[in-house]
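Comments concern the structure below.
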């Protein structure tokens, strides 16, 4: 009996001694972009601070990731402990109760330091449901040399009329230089991100307060006509197939005079290793029409914890580490200030070292110019600047995007595209029960 | 004169065949070439065909970022496992349909094929829930089962077509000599249908290797095959085409090599019974 008790005690002691070695593994779903890949390389710092937590990464292309994590969270599959999600998903999933609230992050996290516009987009009914890893808006990137050659000077806050005029003057089709490059590829996150944000500055909106689609109004007609006319006159050929990557390649090759797109592109176009025009790039706020709203969007890739996760405490530790001030300092130390994930914290933009980055000021000004809770000139029943935060928007936005892409390609007229968009949206919203 | 026309005809056909072959192979060749370029050269306009500074940096980056060996292992187990399991079920099924047909055999064959016409996303949620409740999510056995079921109609159809070419009298003779059902299938039918079975096996391995919908949606970290490995290098916001090309080259290389060495077998099997 004595021996048995000894053996039992010995086994217990062994188990106790071994328990710290049995690390808990967090499975993290993330997208393939520069900032996320950099984080994966810097996780030694997290491991050193949390030796009892292992990290397993599942990196996927944005659309594949969205489909996969949506299926998992909706069915409570429990495959992931931390998910990289955008400002489109957070309000919808938060309302459904699919995400763990992050209101209890430690005081050292300094939640009040998060940029108000970004924090607002990730908060539902006073609960923060995801922590922003990096935030972005959109802005004008332009060639200073071509602007000078055209005899114009880009204002910090241009109007759409100025952009149209400058695009025409910068265009030299014989030399394959096009005054303006904009998204034309169909998709709710492609051409519709740009066009919805631009439409806000033209006074257009997707729905009125009764959720009735508004594509038959004058504001949408002005938006789409302006876009199609300007692109036909000064855009690159085949623009209806161009998304972010295609326009980035054109700009880096010196073929675009101006490009209005995500602020994250600034670090690519100013990198001499990839861009032929790195030393000639200037930045300006997205254009407006004097109606009180600019044509820029707001997006944040954020880290959320699915309600089905069994490892919430460890997941919170990871989320707090990856979105902390200390992480920004770690990236600055290892990779330089230009590679710090932008657009999440006020303190970053108060840092004099970061202020030296050429696109830092324009990025923060662009983010501050967008308000996801009041995205349009008129009052609307939805949130989201370049999207409508309802589950039906992914399908509807892409269907409308196909109509507008066809108008740009010239296979349909602007009037026809708008009429089709109105019919599509009315049918979908009636079917979904928004229109009684 | 006739000989001259024939030679000219032959030359034209040969050039045409080589041109079409090159056209089909060109995307793969371009992917391989891009994998040796820098990211800037990968999107350069006009593009350079061979005149660029060759680099292995993309392969080094891919190797350091991902666990290629694990993805490769999963791909091999899933594609070979699902094919063997599929053959195990399909050989007896095709035998009964080819040699002991009933009034409903044709209908059953059509019904089996019709399941391939269903968009996979239509059954994603039910299958996901079944996998969740049975603990098969992100597991290799789970994927083996699902890929077996998905490719089973094709295996049965292919084997049925090959078996139909074999004279039933030979099987009858075996039966007269006292062969049991199993020895008839294993010792008489299978050896005669080896070319057909081999091409079915090879084709199914290729289909399972390339399957991306289920392998992406039902896996996370543990059972992810090479399709997930490629997907991790695609990005709509950032020009990473050279790295994506390196990852794609690493993912398709094993199946290309296998296809190259077994092409004789594949062609023999696919044309089996085509000319009587």
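Any Cβ shown, glycine's included, is placed from N, Cα and C.
Automated prediction, rather than curation, is the source of TrEMBL annotations.
Annotated features in TrEMBL:
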TRANSMEM  B:12-33  transmembrane segment
TRANSMEM  B:72-96  transmembrane segment
DOMAIN    B:72-262  domain 'ABC transmembrane type-1'
TRANSMEM  B:108-131  transmembrane segment
TRANSMEM  B:143-163  transmembrane segment
TRANSMEM  B:184-207  transmembrane segment
TRANSMEM  B:213-233  transmembrane segment
TRANSMEM  B:240-261  transmembrane segment
Among the ranges B:72-96, B:108-131, B:213-233, B:240-261, the one whose Cβ pairs under 8 Å to the transmembrane segment (B:184-207) are most numerous: B:72-96
Please determine whether the transmembrane segment (B:240-261) and the transmembrane segment (B:143-163) are in contact (criterion: at least three Cβ-Cβ distances under 8 Å, sequence separation 6 or more). no
Under an 8 Å Cβ to Cβ limit, what residues of the same chain, 6 or more beyond the ends of the transmembrane segment (B:143-163), are close to it? 77-79, 81-83, 85-87, 89-91, 93-95, 97-99, 109, 112-113, 115-116, 120, 127, 136, 189, 193, 195-197, 199-200, 203-204, 207-208, 211, 214-215, 218-219, 223, 225, 269, 272-273
Six or more residues out from either end of the transmembrane segment (B:12-33), which same-chain residues have a Cβ under 8 Å from its Cβ atoms? 49-50, 245, 248-249, 252, 256
